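Report on the structure given below.
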Amino acid sequence: MLFAYILTVVLSPILITASELPKEGQLVFPELFHSRAEGGINVLRLTDSITLKLQKSSVLKSQFLVRTYTDGIPMHTYMTGADLEEDLFHDPDSMASVSINTNDGVTVEGVVGPELRVEPLLTQERDAHGRIPHRLFHIEGDLTKDDNDYSVPEDKVKEMQVSDSQNETMNISERSSDKIYPELFVVVDSLFARSFSSTRKIIKYVSIMVNAINPRYLSVTSPKVKHVLVGLEVTTPERETFLRRLRLDPRYIHSQGSLASFYNYTLGNPKLYKKFDIIYLLTAHDMATIKQGQINNGNAGYAYIRTACTDLKVGIGEDKPKTFLGVHVMAHEIGHVLGCLHDGERSPWENEGVPGSAECPFQHGFLMSYIRKNSNTYKFSECCVRQIREKARSRSGACLHKKNVGNKSVKKYTYLPGEKVDRTAQCRNAFPTARDALYMENYGVKDCRIRCAITTGDGVSDVKTLNLCDGTPCKDGKRYVCINGICMKKKRKYDNEAVPPSIFS
């Protein structure tokens, strides 16, 4: 990346609000600087009064799973997390999460504080200095107005059933670590995906969302919490049997019914969902419940409480695509999955020693309430912190301590995944639900793609095309390998200059 350099920048922690902006938004021309005085951080200036102190973000797993469907069959593609999040930054003081591209001028997209958004206006002319125009704007409205958004699993006590038998052997010292890493798998429904032109753009958007919820968890201590996005699935209408329509008005999906159905769906497909800590369904549908015979669409999310690492580790939340309105909903619903009740509520596991929230008034307006009145909205109450702490230290929260994510890119290694995994193994990894999958040698490798002969569970044979992993030999001998879908001469080390842009969407 190319940055301008300045000697000094004076910044103070701020929580940016929308009060100074006109209703239609403001035209801005972002400038990116590198501040030596601030320890080498990047400084993004949007207006005279809005300047972000940006830190490089890392929220993706090193080998990031992308699940799509081809003719109804799940297909797995593994992408390099460090490449996908190369342009991802955050400012913890202002709760900003942005993607910045400097290839041809500065373009910025994302969340500028909890109330403001920024997007590039690529069809408009640049200014006299060659800067790209952007719109800085406030998103009107609040997705959530109803506190009926979670369910207490029946017949569940303090130590819930844990699917990973290794958790049984975890000792107390291992559970006392100072940081947990909830591994989040996001399922995007087809209506949501329809607003984006490519899967890669969906990944970028969801990465900004997850990056935006992490600052809200800075109020949680002992342990600290850092969410990791380990993968993303784009569903199809045919797969979405878990979305339950309201009979009174099928434009809405039923909150509780869809959550229960989604739980049953993930439970019935263990090869696809069992290994994740938390599974979050991101929907563009309007969620609703029935109250006294009337449709109530006041809640924008629903989740089971205290169920991370268990079979019931699911939540569902609304978002209006490209607005980031669902950031707060996601932070709130994942808070439920990690053990948080609404502030002011007693614990359903009081007799088992699981703390409640009765001591923290709902009216104080922390994140686990629905009152918006001050900066409490963007952090957790002490009651919720205690509940997350209890979950993390319990046997049923053992998976949260397993850091299966790294910040290192495979580009820095002397070998790449395709050098260690043969083509038949890649076929089998890509189609996990198939009875078998074999590399079709007679087709060979063409444009870093191969064909896999697969046999489905019901015995049907089919042929699928697969993009090869980075490092897979693509010509005679081993001098040429696939890198981001391009057959290129093998390097001893893969740095930024060696790796071409991905050809995949």
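The count begins at 1 with the first shown residue.
Here the Cβ of each residue, glycine as well, is placed from N, Cα and C on the backbone.
Here is what TrEMBL says about this protein:
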ACT_SITE  E333  active site
BINDING   H332, H336, H342  Zn(2+) binding site
DOMAIN    180-404  domain 'Peptidase M12B'
SIGNAL    1-18  signal peptide
Residue with minimal Cβ packing [other Cβ atoms within 10 Å] among the binding-site residues H336, H342:
H342
Counting other Cβ atoms within 10 Å of each Cβ, which of the recorded positions H332, E333 scores lowest?
H332
Overall pLDDT of the domain 'Peptidase M12B' (180-404), taken as the mean:
94
